[in-house]
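These notes are about the structure you will find just below.
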Amino acid sequence: MSDPFLIGDAMTGGYGKGPDILHGCTIAAEKGEIAVIVGPNGAGKSTAMKAVFGMLNVNSGSVRLDGEDITRLTPQERVVKGMGFVPQTSNIFTSMTVEENLEMGAFIRRDDFRDTMTQIYDLFPILKEKRNQAAGELSGGQRQQVAVGRALMTKPKVLMLDEPTAGVSPIVMDELFDRIIEVARTGIPILMVEQNARQALEIADKAYVLVQGRNAHTGTGKELLADEEVRRSFLGG
Amino acid sequence: MDYLNALVAFLNFVFVPGLAYGAQLAIGALGVTLIYGILRFSNFAHGDTMAFGTAMTIIGTNALLALGITFGPLPTALLALPFGIGATILLVLFIDWLVYKFYRDQKAKPVILVIVSMGVMFVMNGVVRFIIGVRDIQFADGERFLITARDFKEMTGLDEGLAIKTTQAITVVVALIAMALLFWFLNKTRTGKSMRAFSDNEDLALLSGINPDWVVKVTWMIVAALATTAGVLYGLDKSFKAFTYFQLLLPIFAAAIVGGLGNPLGAIAGGFVIAFSEVTITYAWKKVLVYLLPENLEPDGLVQLMSTDYKFAVSFAILIIVLLFKPTGLFKGQSV
């Protein structure tokens, strides 16, 4: 089997000199697919994603993007390589306008990025309407759209979202998921950590259930939804 | 009652000096606020950076005068200002490389950087005195007045005169230009926007590929330019003395904090708030009140709320009052 587009392979590691949080954890995303990481609180979901993005020490195992080993690169270097990352919190420049947020997203690009901005405004029409407003004045759901839009400005080859629906209402959550599916349809693989396991599994092409930093279950979203054990342990029956 | 004369006296003794002083504080506070917003510490060496820039400008001015070059009716110091700015930029970049970079790389807490900046302050304090001495230096030349009190009286036939010093007019004009340039830079250019982004959310700025070293360098350069400009304007308007500049740190910090640390617009507003409160509270209002009140109510005393010796107390009283009601300053600043 050929390597997936993005893979964090058998990663073991933790923050700084602290104890290991991940133990041989493997996470991958294929082109045009949505991969989600779910699991109970403290399972290392966000940690696994941060490991893939280079924000903590991976002591063993490797991270590969499009066949290239990027395990030793800094997060900034990974952005240049084509990884887009939307952190869970503080993921926008609150004092800057929506448009300036998008411009900052495109900071590493030296070419004309107006086309990309137009595409993002097409994807998130509300942002076009509010483009001259300070991003900090927007609602939670709109902020998340700014955050995703900012990450898309580099035209990333893969997009990583850390709990994009944290703290938004169920209606806004559905809308955000719709948008994420749209982004995936443009061919960008998406790796996403989600708290709302059921909804996330419904849209997932590939899903990873982590427990205590280890892969507990892996499969398509539908398989895991149907899996008796997964249902019992994480989805409440 | 004579409203017109009262108004002229008010303009002459309160408004015009307050406006010029406010503009000087505002440019000084802009430097403090930029360092706070981007390098995330209160730079106690700012007053001495102003003193250094002014000292360099004075040396440049003397050199120009020795060569027989003057700026006509305007002070020669304005011609020497670019030299002063250049020298100050080199100095602050050197200090950053020598001192602050070490602590930045260690991710030192802001409070440590504050203490470090105090050390830098004492060193610069000495360096400036070593270079230019401790005495009072007048370096304004050219035309002294735009309008003298006597000309004004002759023109209008009023009892009160309105004198506008050239240096006051220059202060306001130069301050406006400096502020316009700064805001254009911060809001319209790629580097300026990246500085705002860095100030807003450092982690996300790094994720977006903004180069922190470049942002820090540009910040120091702008701060050096602002500090030198503020120092030269203050020195032209009053006089240069190393110790006075060290003391200026207090109202400048008050201005930056009242406006909201990290917020450039706040620094400007804060500068004028502090300047006008200092001037209005330490001014002897008798002259104005004489025109406004009927003869039998005429005040006997000077109607000066506080002696000018207490002017720094005024800054701090304003500071405390504002922070009690708006903890992040008049404009939304970063919380301290």
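Note that Cβ sites are derived from N, Cα and C of the backbone, with glycine treated the same way.
Here TrEMBL flags B:6-39 (among others) as transmembrane segment.
Long-range contacts of the transmembrane segment (B:51-71) within its own chain (CB-CB distance under 8 A, at least 6 residues past either end) are made by residues 77-81, 83-85, 87-88, 91, 124-125, 127-128, 131-132, 137, 139, 141-142, 224, 227-229, 231-232, 234-235, 240, 242, 245-246. Per TrEMBL, the feature transmembrane segment maps to B:51-71 (among others).
Only residues 6 or more beyond the boundaries of the transmembrane segment (B:77-99), in the same chain, are considered here, and those with a CB under 8 A from a CB of the stretch are 45, 49, 52-54, 56-61, 63-64, 69, 71, 116, 119-120, 139-141, 170, 174, 216-217, 220-221, 223-225, 227-229, 232, 235-236. Under the heading transmembrane segment, TrEMBL lists B:77-99 (among others).
For B:111-132 (among others), the entry in TrEMBL reads transmembrane segment.
Within its own chain, the transmembrane segment (B:162-186) is flanked in space by residues 8, 11-12, 16-17, 19-20, 23-24, 26-27, 30, 73-75, 78, 140, 142-149, 152, 192-193, 195-196, 222, 225-226, 229, 233, 236-237, 264, 268, which lie at least six positions past its ends and keep a Cβ under 8 Å from the stretch. Annotated transmembrane segment per TrEMBL: B:162-186 (among others), in sequence order.
As annotated by TrEMBL, transmembrane segment applies to B:214-236 (among others).
Beyond the ends of the transmembrane segment (B:305-325), by six or more residues, the same chain brings 247, 250-251, 254-255, 257-258, 273-274, 277-278, 281-282 to within a C-beta distance below 8 angstroms of the stretch. Per TrEMBL, the feature transmembrane segment maps to B:305-325 (among others).
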Intrachain neighbours beyond the transmembrane segment (B:214-236), with Cβ under 8 angstroms and 6 or more residues off its ends: 20, 23-25, 27-28, 30-31, 34-35, 38-39, 43, 46, 49-51, 53-54, 56-58, 75, 77-78, 81, 84-85, 88-89, 91-93, 96, 104, 137, 139-140, 167, 170-171, 174-175, 178, 182, 185, 191, 194-195, 198, 205, 245, 248
Same-chain residue ranges lying at least 6 outside the transmembrane segment (B:6-39) that approach it to Cβ under 8 Å: 46-47, 49-50, 100, 104, 113, 149, 152, 156, 158, 160-165, 167-168, 171-172, 175-176, 178-179, 182, 195, 198-199, 215-216, 219, 222-223, 226-227, 229-231, 233-234, 237, 248, 251-253, 255-256, 259, 261-264, 266-268, 270-272, 274-276, 278-280, 283, 287-289, 291-292, 333-334
